[in-house]
Structure formats: C-alpha cells, structure tokens
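This report refers to the structure that appears directly beneath it.
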Amino acid sequence: MAMASLARRKAYAVVSSSRSSVFLTSLRGFASGSDENDVVVIGGGPGGYVAAIKASQLGLKTTCIEKRGTLGGTCLNVGCIPSKALLHSSHMYHEAKHSFANHGIKLSSVEVDLAGMMAQKDKAVSNLTKGIEGLFKKNKVNYVKGYGKFVSPSEVSVDTIDGGNTVVKGKHIIIATGSDVKSLPGVTIDEKKIVSSTGALALTEIPKKLVVIGAGYIGLEMGSVWGRLGSEVTVVEFASDIVPTMDAEVRKQFQRSLEKQGMKFQLKTKVVGVDTSGDGVKLTLEPAAGGDQTILETDVVLVSAGRTPFTAGLGLDKIGVETDKIRRILVNERFTTNVSGVYAIGDVIPGPMLAHKAEEDGVACVEFIAGKVGHVDYDKVPGVVYTTPEVAYVGKTEEQVKALGVEYRVGKFPFMANSRAKAIDNAEGLVKILAEKETDKILGVHIMAPNAGELIHEAAIALQYDASSEDIARVCHAHPTMSEAVKEAAMATYDKPHSHMKSWLLLHSLLFIFVQQFTMTWR
C-alpha cells in the first residue's frame, strides 16, 4: 500500500451514517460472542489510553497493553506533567525570592525544600495515573500490564509485569508506543551525572552547574527549573538557533528573555567528548563547522537532543510493517499501516511529537475503525514552551509564509501596552498575527507572554475555522485581560488598531529599539 506523505496527513473521510450504524452494530455483535477484541492498543500514553477509551465508548471490545505498569506514558509519568509541576514550584520560589518585594510583600527568608517539591510533583503524577485507571474501569477497557509484541497481525504476545505471559487477540491493533530519549554518540546516560529528562525530574540536590545539550522545548524548560533554583545553566546547541520551529522574531525575543534570567547559550556548537572520571563532568566542545576545541566543566549534564520513535522489540519486522529511515511507522490518511488491521498513532508516526497531537490521532483512528469520520490537521496543532514567559504558536511562521510566496500582513501588539500585564507588573512579550493579504485569513499566531499557553487557543479555534483577523478583532474581549492583546494584534493585522493604541505602539516600539541598542552596546 502506498503510504501518504506528511504533507498529506490531514485525515478526512466521508462515510454515510447508515453505513456507520450497520458497521458498528456488527462489531458490537462480534464482541459479545467472542473472546477476541475488536480493538487492541499497544501503549497506554496520551494517544493509547485516549484511543482505548474512545473505542470502548463506541461499543468496541477493547484491551490496552502498557509495559510501564502505570498509565499515561512518558507525558504523565516522566514528561509533561511532572515537568509542569516543577516549573510551577520553581517559579513560585523565584517569585517569592525576587518579585514579592515589588508588590509590598516582605519575607525574612525563602528556602527551597527540594524533597517537598518532588513530593508535590509525585503526588500530582500518582493522582492522575490513578484517574486514568478509573476511566478504564468506568469505560470497561481491559488493561494488561506488560510488554507486548506481535506474533501475527492479529495477535500480541504480552510478557506481563508479574512474570507471566498471555496472548491478546484483536481484529484491529493500534500501535501507540510513543517515543524515547534520543541518544548522542559518545554520551552515555547514567541518570546520575549525565541525565535524560527523566533523571532531570528526579535530582536529589540542586547542581551548582548544569549543562543542557539541546535547545528545544524540554531542554529550555528543565534548564529553567534548575536555573530558578540556583543552578548556573549553559545550553549547548548544534544549530544556529534555539527552538528551530519557532517564528524567528519571537525566538530572538525569547532568547533575550532567557539570557536576562541567567541562562547562557553556546550555539553552533557540538559535544565531541565526555569525561566523567572526576567528581563532575568535563565536556569537550567544538564549533559545529569545525575548529578549536574547548572544555566545559559542570556537575550535571542533561541530554535533551530530541526523541526517537519507540518501535524496537515490537515484532514489526515479523509481520512486515513498513517504517522509514528513523523507524517511524508509515501510515495512510486513516492511520493504517501496510499490514491490514494494524494501525499506528502518536510519536511513532510522522508529525509533531506532542501529547495532544497523539490524543487527536487516537480519537480519529478509532473513529475510522468504527466507520465514522476522523479528522486531524497537523498544520493547526499548537505548540507551547512552558518557560517564563511562555511561548505558544499555531499555524505558520513568517519564514514559512514567505517561503510559500503568499502576500501577507503582520499585526503585532506588545504586552507592555496591555493594561492587565502592566497592573501585575509582568509585561514582557507580544502577540504576532500573520494573515493573508487578500482574504485576511489567519495563517499563524505567535504569542510570548506569562500565560501564552492558554491564550493561544483562541487562535487555534480561529485557524481551525479559517477565520480572519477581523473576526477575532470584532469579538468583545473582557477588560482588563491579557487576551485583549490578541484582539489588538488582530486589529493591527487588518490595519484598524484603536486610535489611542497607535501612539502607544509607536512610543513603545521606539523605546524597545532604544533598549535593545543600549543593551547590545552595554554588553
């Protein structure tokens, strides 16, 4: 079967309601008369557990297999959730230590209780994993704890965590095994001196110095956590920029913000050697283009150079499932592989490696299996970096729009002109909107702000429904709110900003340029 390219990964289907009803009825009847499952999901992460619950809700007999022993995958256990817990706790500490006095709050001393911080994180994770198990019981999803691998296209052998083995049969088997930390040549992760994101979430003491290899989402977030708690953080990145998927203008402001917080960057740099023989770690660095080597000493190294699909040991070769050069499973617009009855979703297939994308994959895949309509548009999946400030974006960057040759307009609004931001003394950042010049259709939205991860969803809805910047601008936004900056940027996009804001924009633009030049000169 010919596989669809990533550019075609927009899942659409047109199936009549009568056909859907007949198909679903037949599946229900089959489930009630056989031990075979209608759907088997390998992997209990965001994509897998959501797919399993949705399948059961659609009347399909469903089993989910998870090797970890707790549901939620990397995201819930050692990723999204624990990192956000530590980001919030470290932010509260940093605010208490550095910002409370500005608001008239005086503290005699502020100390970090790292064990308490970790306990709060672990409690959040535990409650949420138990919550998913509760959802499985409520929705009658059979849950098998163990490592599953194919023995045939319709059978999965599971080595259970209690030492046993069982074979799970299914008419439709969904691979949702997620991704794993990408290793670097010559850099061995021991989760002590050289840690992955998993180890960085469980350090027992605050390192004096931390080197982060990789300037992506995970590296910058974890670097922020330990930087706020007192670590001297240096980020080493092979590329010329941090977060390459980010709009260039926003990225530059974002990097300046992180540098003001004390984070150091060594871009266009590669790690060519690691020495852990002493008390700390000595990294041998070299310019990406080649050149003189330097030594960087640190206490802990966080390897955050991306993730790789977890497809090894699943028996894919045995049943003939096709993968690409980096072991991503190839699927068509219905998430089916080249093997009939076998599907794949989430991080193991092409597309953004994001938990919410995996969830959408899971729902759409199961809807297709049930004869319904599934839909995922990867061009409209929002991304968020949960630092302070946060950076969120959806749609295209200005660089991507230029590359397409589309005539466009840009509207911007700085938070330094937003009433709520000024009132809470947190006015760093901006909203940037890109819209097609002729139609005013929104092409992309980029936000750098304290709560950009929440603000971005107004833009996500707008893109999903092909809205114009004027559509957003004509929506009444409550005052004073941070969301008014989105409205103002939308008004600026179609050239109708509030008259009193024009002078504000001009004044603050000039001030911003002056501060930039002064800062660069001072440095």
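Even glycines carry a Cβ here, placed using N, Cα and C.
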NAD(+) binding, same site as GLY214, ALA215, GLY216, TYR217, ILE218, GLY219, LEU220, GLU221, GLU237, VAL271 - Swiss-Prot member from GLY290, GLY291, GLY306: GLY306
All-chain count of other Cβ atoms within 10 Å of THR177 (FAD binding site): 30
Neighbourhood of ALA355 (FAD binding site), C-beta criterion under 8 angstroms, separation at least six: GLY45, PRO46, GLY47, GLY73, CYS75, GLY79, CYS80
Cα proximity to GLY69 (FAD binding site), best match among recorded positions GLY216, LEU220, GLU237, GLY306, HIS479: GLY306
Sequence-distant neighbours of GLY306 (NAD(+) binding site) in its chain (C-beta under 8 A, six or more apart): LYS182, GLY214, GLY216
Residue, out of the binding-site residues GLY69, GLY72, GLY214, GLY216, whose Cβ gathers the largest set of other Cβ atoms within 10 Å: GLY72
Spatially closest candidate among GLU66, GLY72, THR177, ASP347, the listed binding-site residues, to ILE218 (NAD(+) binding site) (Cα to Cα): ASP347
Residue among the recorded positions CYS80, LEU220 whose Cβ has the most other Cβ atoms within 10 Å: LEU220
NAD(+) binding residues GLY214, ALA215, GLY216, TYR217, ILE218, GLY219, LEU220, GLU221, GLU237, VAL271, GLY306: largest Cα-Cα distance, in Å and rounded to whole number: 21
